[in-house]
Amino acid sequence: MSSRRVLWWVLLLASLLPAAALTVLRLGAWEAGPAIRLVSFTPYAVVAYAVALVLLLGVARRTRGARLAALGVVAALVLHGSWLAPLVVGSPASATAGEAAGDERVVVMSSNLLMGRADAAQVVRTAVEGDVDVLVLQEVTRRSLAGLEAAGLDELLPHRIGFPVTGERPFADTVGTMVFARQPLGEPRPLGTVLQSWEVEVDGLVLLAVHPSAPTDPEGWVRDHDLLREAARESGADLVVGDFNATLDHAPVRRLVDDGYRDAVEQSNGGWQPTWPANGLFAGLPVLLVQIDHVLTGPGLVADSARTVRIDGTDHRALLVEVLVAARRLGRS
């Protein structure tokens, strides 16, 4: 076998095998061990399949097996394309939901502060420039809250629930989740996740501010997502917002979609907007890989726009979403 043919096989297998593995994991909805983390990279199978297809088409005229394999790769590309297409063309529910939405606009922002290390002044400035009505923050520490207050957050969003957490035990600084709002907030209910998550009413809407466990703790991750889905069902939540530690390809998020929720980026035709890691976590590469921060809208609400914003000091991009709500739904006087 010539060295050129060996190289061809190496390239084919190096592209086809990982792509096929991602497809199987996505279809199988596995929720155990490393599989959870691998599913996050499902969209990248499209690139790998495309490389494999080019390699196969190069020899398709001479080999029947290559032609059959190419057809299989095309089928896989179509499948993955169907999973990615809603990010560009919108979800099927968008058109009908838009008819029910009124002219009231609620701006929602979510940001993970990376154990309180995010630039507090920049967070507040982003909220001011975005005319934010509801701000959901994860990994709030006492020090970061002081920085937010010093930057004028209370003047913009005077109502709050949740509390910062700072402690000696490992990862204590990741626990605190808080909600800040322009309108008064109702009585919060903790959802029982390892990291703080809350149910609270704001301006006539039921909000779940969420931060389930990272997939490095598979059992905790599954348990927390089960709790969040149960809370969404019981409360009839209008908005589910936060760092999900999960992508649209993960089974727990897909189950929420099956329950009638829509991802704001998808619903607004926002395209590919990964949110993590924003700080060059992997070998210093400034490449965002996965979208794990979400705003999910319930029935009757429509995300009109969604965009991410870089915040210095944190490994997550902030997510800003404009949501259209039927005027009768809001509790404003």
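Placed from the backbone N, Cα and C atoms, the Cβ positions cover glycine too.
The domain 'Endonuclease/exonuclease/phosphatase' annotation in TrEMBL covers 109-316. The transmembrane segment annotation in TrEMBL covers 37-56, 68-89.
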Intrachain residues whose Cβ lies under 8 Å of the transmembrane segment (37-56), provided they are six or more past its termini:
8, 11-12, 15-16, 18-19, 21-23, 25-26, 30, 66-67, 69-70, 73-74, 76-77, 80-81, 83-84, 215-216, 246-247, 249-250, 272, 289-290, 292
Which residues, given as numbers and ranges, are at least 6 beyond the ends of the transmembrane segment (68-89) yet have a Cβ under 8 Å from it?
16, 19-20, 23, 26, 42-43, 45-46, 49-50, 52-53, 56-57, 60, 248-249, 265-266, 269-272
